[in-house]
Ligand SMILES: O=c1ccn([C@H]2C[C@H](O)[C@@H](CO)O2)c(=O)[nH]1
Ligand SMILES: [Zn+2]
């Protein structure tokens, strides 16, 4: 699936969203992460009764991929909404997830695909979502 387009990736994110474990917020998120080699890793949010250990969909997808040896990423599609509401509403990644993306992605190249109400999407670079981000380059 090397040339997977943004709408196809969004469809994968919607499938991932069906697996979300959200008994506390009822806000379900799905993410589909495309590697440079063309593989797709899906993630959903996973909540916890003590709240803090909750993992976002985006980080689930990244951690699954990284734990399988992946290090190079092209783009991620994200869909999120309350149960029973339109999942094509724009759900942008939280600050913690943006920082995790910063660890593995070129901020000028990595694309974040957000769905909107018409099921078309807005595409932003990581740099646009996390300007002046801190990364391993700062520690060199
Ligand atoms: O981009 C986002 C924003 C929120 N959440 C999750 C965390 C929590 O389970 C719920 C409400 O914040 O949505 C994500 O997975 N990704
Ligand atoms: Zn997050």
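Glycine is treated like the rest: Cβ placed from N, Cα and C.
These figures come from a predicted structure and were not determined experimentally.
TrEMBL lists 4-137 with the feature domain 'CMP/dCMP-type deaminase'. Each residue in the domain 'CMP/dCMP-type deaminase' (4-137) has a pLDDT score, and their mean in this model is 95.
In sequence order, 20, 21, 54, 55, 60 are the residues near residue 46 (substrate binding site), counting only same-chain partners six or more apart with C-beta under 8 A. Following the DSSP three-state reduction, the secondary structure of residue 46 (substrate binding site) is strand. TrEMBL lists 45, 46, 47, 48, 49, 50, 51 with the feature substrate binding site.
For residue 97 (Zn(2+) binding site), applying a Cβ distance below 8 Å and a minimum sequence separation of six or more within one chain yields 56, 58, 59, 62. When secondary structure is read from DSSP and collapsed to three states, residue 97 (Zn(2+) binding site) falls in the helix class. The Zn(2+) binding site feature in TrEMBL is assigned to 56, 94, 97.
The active site, proton donor annotation in TrEMBL covers 58. Its Cβ taken as reference, residue 58 (active site, proton donor) is surrounded by 28 other Cβ atoms within 10 Å in the chains shown. Residue 58 (active site, proton donor) carries a helical DSSP state (H, G or I).
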Distant-in-sequence Cβ neighbours of residue 51 (substrate binding site), under 8 Å, six or more positions away: 24
Cβ under 6 Å from ligand 1: qualifying binding-site residues of 46, 49, 50, 56: 56
